[in-house]
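As given in TrEMBL:
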type     : residues                                                               : note
ACT_SITE : Cys276                                                                 : active site, nucleophile
BINDING  : Cys138, Ala139, Ala140, Pro141, Gly142, Ser143, Lys144, Asp172, Asp223 : S-adenosyl-L-methionine binding site
DOMAIN   : 44-383                                                                 : domain 'SAM-dependent MTase RsmB/NOP-type'
Amino acid sequence: MSRHGTARGSAANRRSPVAVESNEAFEAFYRKQGVVAEELWDDFIQTLRTPMPVVVRINRTKPHWEELHNSFAEDLRWSQLPWFPGAWQCDAKDYDDALRSQCSALNKSYALRFQEAASLVPPLLLEVKPADLLLDLCAAPGSKTLECIELMRENGHKSSQDGETGVVIANDADAERCFELLPLITRKARYPGCAVVLGNGAKYPAQFRGQDDQLLYDKVLCDVPCSGDGTLRRRPHCWKSWSVDFPLTLHQKQLLILCRGLHLLRPGGRLVYSTCSMNPIENEAVVTAALARFGGDVRLAPSDLPKELRVAKCLQTWWVPDPQDSGCFYKSWTEVPTSQRKPSGILVESMFSSGELDPRGCFRLNPHEIDGSGFFVAIFTKTAHRSFPVQIPSSRLMPEIPWRARNENNRYTVVSTDNSDVQSIVKFYGLRDLPEPLVAEYNIKGKLTQLNLVNSALLQLLQSHLNCKGSPLLVSLGIPLFKVLDDNFMTNIDVPRWRPAMEGAQILAQKMEKRVLRISLEQMRKLLMKRLLPMQSLLTLGTGNELKGLESCEEKLGGAVVGTMDGTFWVPCIITGSGLELYASLEEVGDPLPKLLPPLRPPVISATEEVMVLDKPSGLRTEDALRFVQQKHPGAELVSRLDKETSGCLLIPLTALSAKEFTQQFAENKVQKCYVAVVHGHPPEKGHITEALRLVQLGGGTKYRAFVDDTGKAASTRYERIWGKPGGPSVLLAYPETGRTHQIRCHMAHLGHPLIGDTKYGGHVTFWCDRLPLHCLSLVARDLSGQILKCFAPIPEEFLAALVAVCDGELQGEQWQQLFREKGQVIPKP
């Protein structure tokens, strides 16, 4: 089964030309159904065969989101979706690795979310309000859940209401996704009314707040499991696996989930049903069957769609295929032979049309019209609720929290403010106004591990009576405020074992009178880069204007929250004997002022009609440098490469003839290069390394590692040390006489002097260099006429700063540049 948005696929796959895929049964089925007009069929099918644009949704509830929004607006690769504020779209061919890396980092820190355009629609049509009780019956992977929470907060801000008073229950039936994925996603929202639940959406239990007082939801989202053939653009392998029978096996499950959602919806509430399938058996048939079951108690709700959103009318009639004969279709239930009816077959009467649908509340999103996935959406409202009376013993009303967890030891209980652990936290951190209500979380071994903040509406929901034998499993809830320190951390020191949690740092900073530090933006970025501000630096900063609140840490060691001076960015830390240590995932923390960097555009050092030499920046892939050249020279080809982290001279032939010539020159080692490298230790003044190298592919992907191996390919590197002191590090000029992958890096590591920060080959990361210190300084070759082509790439600024740090200021930037101009000129071979 497919869930819309569960797997975006690699950017490389989206950018690569897609082979022309086809499936005769698929095309025959959808042509028969008339999902698009015949004159639009070619557009429809061709769109399904092309890579899909990348869409991101900016989180407009985070501080400084406007700056991120503006950086997208200034980048011509992105265009804004006119019908969804804060959503941006990039063509697949423009989504290179550098851009993918940036967007991935912004996604992990929740500055934005990847979400297909069609997937944005269902939460938008729920019309959520700040105080809604919202149930997402099939929540994984969680993007729509997050969107609902963001809309709650945004609408609360617009209406001057508290956007933290609602409830969002994220339920899913898949245990792995529910335990491993959903909590990771939902905790990014840091919403006190959110809970993750593992349960069957079709059997989600009724809840009661009192005698015959059933708890009903204001909004229900049913983005049900489906065949997912609307996502062929990002899952082209599904062309071959598509069949007429698989969607037929899902119909009843989808109908049960929808009906359960409608039962749990309050009168006047709103339910949105959606799939990423184009199949009417999963779409219109499910909707008509649900309407028939509920009679006049539910109806489709006409909705005011964004005028820029192009939608197609739902189907009013459709054909049901014979599961054993793709060429045979049935128009009505009476035509179906007994052998194909349940229980001997898989066809049921609800698969057939049973009434006209209101197209204002039920529509399709076609791939060729929205340049996205195929999608189906239906909006329901409820006019009356019918339920059997339920008598609940008074002893079972408003219990502690009756929901089950993984086992008897893993549980959630409400914690009073006079709890001994809570009191120790209040005293140590100076909490003047303890956030409530608090729920204690015990792990599967029965150990108290964290204290979570929930809002009163969620607590009341969790304490209500569940009318079932065994409740769904409660996986996570609320916002973690405090967590117990790891058992192996600072065990030899008497410090409080409770630390602030990343998710609760912002809230705690407003409530704590002790152990709250503010530092400058520059110092915050240093803390994030190094994960440590040394104690001496901390004490020095405390005397100036770059740190405030150090005096609030009377007991120096232990947890603290640290924020920027403007109070918009907070992280949990631990003060140890070493200094101030970050205690959070760097990926989740992100940058205090997130923004999209403009595309790297390599400067042109030299250009003729035959060849171009670029000064490639560190961080730009060779393939992306080639694409830059191909914008004006489509015939350009690669004949050599630089590692992504390496900067400097990159030669790119512009014609097939020149590519053949330079390929031969590289093969015969007639192209001379000089590199600058910074290595660990103090190697001999000069050296010649001739060990053969063997290249091994890692993990079956595109990453490699070189090894010294006598059976490998011949490799030769000469070097000279131009600066260094005993103990190192040292600055070298390296002259590769062959062109093996990772040759300089592997050879220097074999010599016992790996490059600084080159962890793949044994180097260690240092605080003064955040890139690989390897730069192709100069290059000499001969053009097609035999004339010498000589190029020089100055040392980049960030590399110069690292060199100045290496020598403790003994040489300044311009002095280094002059030294390299003098020593880095390669003598051409005859």
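Start at 1 and count along the chain as shown; that gives each residue its number.
Cβ coordinates come from backbone N, Cα and C, glycine included.
Keep in mind that TrEMBL annotations are predicted by a computer and have not been checked by a curator.
Positions of the features from TrEMBL, shown on the structure.
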residue : record                               : DSSP class
Cys138  : S-adenosyl-L-methionine binding site : coil
Lys144  : S-adenosyl-L-methionine binding site : helix
Asp223  : S-adenosyl-L-methionine binding site : strand
Cys276  : active site, nucleophile             : coil
| message | I'm trying to understand the geometry here, so how far is the Cα atom of Asp223 (S-adenosyl-L-methionine binding site) from the Cα atom of Cys276 (active site, nucleophile), in Å to the nearest whole number? | response | 9
| Fewest other Cβ within 10 angstroms of its own Cβ, chosen from the recorded positions Cys138, Ala140, Cys276 | Cys138
| request: Between the Cα atoms of Lys144 (S-adenosyl-L-methionine binding site) and Cys276 (active site, nucleophile), find the distance and write it as a whole number of Å. | output: 13
| field | Rounded distance in angstrom between the Cα atoms of Cys138 (S-adenosyl-L-methionine binding site) and Cys276 (active site, nucleophile) | value | 13
| message | Are there any residues at least 6 positions away along the chain from Gly142 (S-adenosyl-L-methionine binding site) with a Cβ closer than 8 Å to its Cβ? List them or say none. | response | Ala170, Leu181, Leu182, Ile185, Thr186
| request: Give, as a single whole number between 0 and 100, the mean pLDDT over the domain 'SAM-dependent MTase RsmB/NOP-type' (44-383). | output: 94
| Where Ala140 (S-adenosyl-L-methionine binding site) and the residue listed as 'active site, nucleophile' are concerned, what is their Cα separation in Å, rounded? | 14
| message | Taking only the residues the record lists as binding S-adenosyl-L-methionine, namely Cys138, Ala139, Ala140, Pro141, Gly142, Ser143, Lys144, Asp172, Asp223, what is the largest Cα to Cα distance between any two of them, in Å to the nearest whole number? | response | 13
